[in-house]
């Protein structure tokens, strides 16, 4: 079943936005590695992989609907931050932007009576509620640390334990 061209274009834009988010989170992971916070780095690497999975979920949907996937180039993400808190705040802001994009995409699918796109996007709406909540919680904890390195290291340990990365031996 072919998609409305406007819906297909918007889905392609979302694929590219998810890939940009993945790239940005990988850059944030590199920042956290550079400031000796390996738990934050592992957590952001995991977030990067998750965003890539989101892009592929939409990619697969477009292909199944006989659409054409059009990939754009990624823009260079910011590579350093003044504090861990500013990096996390930027990530939360990005997630809020993704939520707005998904909401607009859902409205567009509804406008064109694309029920299968709406069904697929429902998963993303639920996911964004969770993502914003998680990022807001991490930001609240980073703010509570208020620059105290010991508290920040405790949060780093918590995040590293929460999202361990698979080892190369697991591949």
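Any Cβ shown, glycine's included, is placed from N, Cα and C.
For 18, 51, 54, 95, 128, the entry in TrEMBL reads Fe cation binding site. Residue 54 (Fe cation binding site) falls within a helix when secondary structure is assigned with DSSP. All protein chains shown were included, and the count of other CB atoms within 10 Å of the CB of residue 54 (Fe cation binding site) stands at 24.
According to TrEMBL, the domain 'Ferritin-like diiron' annotation covers 1-146.
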Least surrounded among the binding-site residues, given as 51, 95, when other CB atoms within 10 Å are counted: 95
For residue 18 (Fe cation binding site), the number of other Cβ atoms found within 10 Å of its own Cβ: 24
Around the Cβ of residue 128 (Fe cation binding site), the count of other Cβ atoms that are within 10 Å: 19
Residues of the domain 'Ferritin-like diiron' (1-146) by DSSP state, where helix covers H, G and I: 116 helix, 0 strand, 30 coil
